[in-house]
Structures are given as C-alpha cells and as structure tokens.
Amino acid sequence: MVSKAIQNVRGFGDVLPAEGPAWQFVEATFRRELERYGYAGIRLPIVEKTELFSRTIGEVTDIVEKEMYTFTDRNGDSLTLRPEGTAGCVRAALQRGLLHNAQPRLWYSGPMFRHERPQKGRYRQFHQVGAEAFGVSGPDIDAELILLSGRILRALGISDLRLELNSLGSSADRGRYRAALIEHFEAHAEALDDDARRRLYSNPLRVLDSKNPAMAPVIAAAPVLSDHLDDESRAHFDSLCRMLDQAGQPYQVNPRLVRGLDYYGGTVFEWISADLGAQGTVLAGGRYDVLVEMIGGRPTPAIGFAAGLERLVSLVEAAGTAPPAPTPHAALVVGDPELQGDTLALAERLRDALPWLHLQMPLGGGSMKSQLRRADRSGAAVALIRGAEEAAADTLTVKYLRDDLDQITVAIGQLPEILSALQTQ
Ligand code: ATP
Ligand code: MG
C-alpha cells in the first residue's frame, strides 16, 4: 500500500488501463469529427495569469469566487491552473495573431482544474475537449457547431441525450432582464440562499444557475430572458432554430438555461444526459462575442463548446460502444535461455516486416510451460515457439491458443504468410 501521506490528492484521479479503450474512443472520435469540420488543433498551457480568468469569466461567478487553484509563483506572479479552456484559447489566438483577417476554428483537449466538492461526475482535475470558432456572427456557425456536437455524441453511441437551447440576448437585453430579475428576487428575498443574496445586485443571472434544490421554486417563478430579447437577438435565435429544424436536429428551448461564466451572450446550448443525475451536462457551449475585446482585441464574434470527458467516458462504458483494446496476434516463446538474444532479434525482424503486427514476448525466462501460460494470458492468438530444435532447423512451431487447430512447424520464411492470416481476426 502507498502510505497515506503520499496517496493521490482527492479529486485528482488516475485513469487506469482498463478505462483506456473508452478514453481513446472518446478522444479519437472528437478529433476525427472536429477535423472533418475544419477545426485545427491547438495546444495550450495549463497555467495562465490569474487576471485572464478573473477578468473574463467574471469576479462574481462560482469559478472565480471559490473554485480556482491560484498560487503565487517564485517570481511573485499570481498564476492559476486553468479552470476552463476558452479564455486561454482566445488569449493565444489574439496574442499569436491568428485572428488577423482570418476566421480560425480551433480545438484543444486537456485537463482543467476546479476546487469543487468531488463526487461522481465532478472532480478537481477533469478533462475537456473544447472547440472555438472565431469571426462569424451569423446563426449558421451556431447551427453547424451544434450539429457537429450532435454528430460526435451520436458517433460515441450514447443515447438518451437531449439538446437544450436558449438565447442570452445582447448585453442591452440582459441589462433590462437584470432589472426584472432583481425585482423578482427582492420580492422573494426570504427564499434566497447566501450565495444568491450576495450576488443579487452584482450578478443576478448567476442566481438562475444555482444548484441548490431549495432555490428551485423561486427560480422557476422568475421572469424569463426570452421576453426581453430585442428584434435582432430574436431573429438570430429564430433563424438558428429553423436551421436545426431543417437539419432534423431535435432540441428543447429552455428559457432558464444560462451559463456559469460571464462572457457568454446570445446562443447558449447544453447536451444533457438523463442517466447522470445532477451531473448530467456532458457538453455545453455558447456565443461569446465580447471576449476577444475583453482581453484587448478588436470586437470579434465567436462561439464554442466544451465537453466533459469523464462524464462521456462513463456513458460510453455503460453503453459498451468503445472498441476493445487490441490483443496481440502472437507471443514469441523461447525454449532455451541461450537463444534469448537472437530470438529478440528475430522479433524485431518480424515487427519490421509486418508493421501491423502486435507481437509480445514473455521475457524474463522461466520454463516453457510458464511462458506459454503468460502467452495465453496476454490474449495472443498464437504462440510462436522457438526451442533448440527449431533454432537448429531455422523453423518455429506455431501453437494456436484460441482455435482448435493442430500446431505446425514452419520455416521462418513462411511466418509472414501464417501471421497475415491473423491480421483481420
Ligand atoms: P456544471 O453545471 O455541471 O457544474 P459547468 O457549467 O460548471 O458544469 P462548464 O464550465 O460548462 O461546466 O464545462 C463544460 C463541461 O465540463 C460540463 O458540462 C461538464 O461536462 C464538464 N465539467 C465541468 N466541471 C466539471 C468537474 N468539476 N468535473 C468533471 N467534469 C466537469
Ligand atoms: Mg460548475
């Protein structure tokens, strides 16, 4: 046992080999589909200046108020482990000139850090794939991004997901709505929890995002933003809905859907699983037309999403849709310790000749019986046995471990043909 003092930090998990196939399936599916839509990969640092996040996500949000891993480094700078990817992606796109006369589409994948209460589907280190599209203001990019996210989730074989959609309107819309919200919550002050009371004047929209069940009734009775949209916001949203209809993509308009970060405005959406309870949102996104300007750039329309990989992996595991890890085609077993060196060299030649070949060797010696047992446990289809007799005759004995076939002894030169028969299995 690892002594308690050096066990992993709560909420910072290990991904074990048994979970590998589901993780790889999820990551490969995102990558493949994002590339098909023209998104280019970008790799971003996990540490940024604290101010990047406090300025963009908003001072009065869960993330900035209580979830960030912020520390002072040895130079005295305040740094933060990224709690999300959008701010860093926008920082990089602007700082590196990717937004000059261009409409880049970027995607990234990696760990994020939030000091939340660890529970199923909620960790302190978790992983997201994010996609961000810059420079397009119309609802067509909103529709395409939503259809892309739907395609990815379908490809993962997860059912029972619903798409919720809302518009947060323009900042003028939200200004009018704020006033209506404050009025409503003031009239029900006794129903508010401490967070809500504290945020009522600084950030009343955040109150709608509360996860406190006791607040549900007062939130349900609150006025809705859709009643405060101006003509332009309404036309954008209606047009998006029509495009989704035309593409046959079902959705539910949820007038209470808001997002936990301040830079969102206009279209917001979430894909929610019925199977994950309160941690049901697996992919969430929206428009953030003000963000580039907030960090010093020219106004640039933008929209993006982030998907929570732990939640998706658990759904993929439940659905059993990930392809299994590949099993070795063959295990090469050495009958005589004297032959170890040139059998290793033979294995290298086989791997050179057959680039697709998964070939293992139960190294470390041991009797033929114990090596064959390890070969069997590896899942290999055949054991290739090289004993003194085979070595003298330049042959190998092929023992079929999964099929009811007699073992055969073949010349080394015949091996590629014999092994190729296993390639498609
Ligand atoms: P939630 O409402 O569940 O707290 P959020 O609105 O804080 O989510 P976003 O910032 O939109 O989450 O992040 C996008 C996705 O990342 C979420 O929908 C979720 O799937 C995942 N995610 C967010 N926080 C965590 C976490 N602490 N642990 C695991 N996954 C997370
Ligand atoms: Mg959260």
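Glycine residues also receive a Cβ, built from the backbone N, Cα and C atoms like all the rest.
No curator has checked TrEMBL annotations; they are predicted automatically.
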Record-annotated L-histidine site (TrEMBL): member among ARG96, ARG114, ARG117 besides GLU84, GLY85, THR86, GLN128, GLU132, ARG259, TYR263, TYR264:
ARG114
With L-histidine as the bound species and GLU84, GLY85, THR86, ARG114, GLN128, GLU132, ARG259, TYR263, TYR264 as its recorded binding residues, calculate the greatest Cα-Cα distance and give it in Å as a whole number.
21
Around the Cβ of THR86 (L-histidine binding site), how many other Cβ atoms lie within 10 Å? Please give the count over every shown protein chain.
26
